[in-house]
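Enquirer: Next up is a structure, given as structure tokens.
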């Protein structure tokens, strides 16, 4: 195991032309572990019952020791994850990384499952905005030919979004990060088989240096990002949220405007 890790992060041959844009992948790995850890702590106190879910979130915020810290870290960590996910994606697109077919394909699957994971976590709060967002998005499954209607009923666990839906989402939200982790490992293995593309849109195999110590020093950029993240979280923890997320879900009245988190706005604009 240590020999494999050594080959991954110490003696790994790396192109001389990699700049700070190649930090996004390592940053995403750090954020993934951060999210798994904070989510694991939150799961101790969260109740996946439709009558208790919203109150359990308030209990975490007000009565659990450092519960507010776990929640704001997890909540804002999702935004940080998507910032670097989109940067990583567009960096790969700009540098023609789609030529590395297995690396690119595994990355596309990772993006898809991360979006699914984030949406399910958003619903778990069982607030006014997240409940109605769940109703709208899950209803879209009905467009699947032949069995779309049955698929919607299966996801809902009944004839509307209910406690059964919440339990399903919590179970999948808890398990899916481990599947994402497996995909990330596969993504890394395929990347180190082919090598990365360089700034010049080439593979850069002709001129390489060891990953340590040069790129370890470059990765100190990640520490600066974490510093800004913690300052942001402690200064304005809920600025990226929606006021409707502080209201208990009302099954009889929808919000004036159903809007997603900022990192899904492009997708929601396409749907509209």
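Backbone N, Cα and C atoms are what each Cβ position is placed from, and that goes for glycine too.
All annotation found in TrEMBL is predicted automatically rather than curated by experts.
Below are the features I grabbed from TrEMBL:
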DOMAIN    1-200  domain 'Cytochrome b/b6 N-terminal region profile'
TRANSMEM  21-48  transmembrane segment
TRANSMEM  68-90  transmembrane segment
TRANSMEM  102-124  transmembrane segment
TRANSMEM  130-156  transmembrane segment
TRANSMEM  168-190  transmembrane segment
DOMAIN    201-272  domain 'Cytochrome b/b6 C-terminal region profile'
TRANSMEM  223-241  transmembrane segment
TRANSMEM  248-271  transmembrane segment
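Distances, neighbours, how buried they are, the whole picture for these features please.
Expert: Away from its own ends, the transmembrane segment (130-156) comes close to residues 119, 122-124, 162, 164-165, 168-169, 245, 249-251, 254-255, 258, 260, 271 of its chain (Cβ-Cβ under 8 Å, at least six residues beyond either end).
Along the domain 'Cytochrome b/b6 C-terminal region profile' (201-272), the predicted structure has mean pLDDT 87.
Long-range neighbours of the transmembrane segment (223-241) within the same chain, counting only residues 6 or more positions beyond its ends whose Cβ lies under 8 Å from a Cβ of the stretch, are 27, 30, 72-73, 75-77, 79-80, 261-262.
Beyond the ends of the transmembrane segment (248-271), by six or more residues, the same chain brings 54, 78-79, 82-83, 86, 115, 118-119, 122, 126-133, 135-136, 140, 160, 240-242 to within a C-beta distance below 8 angstroms of the stretch.
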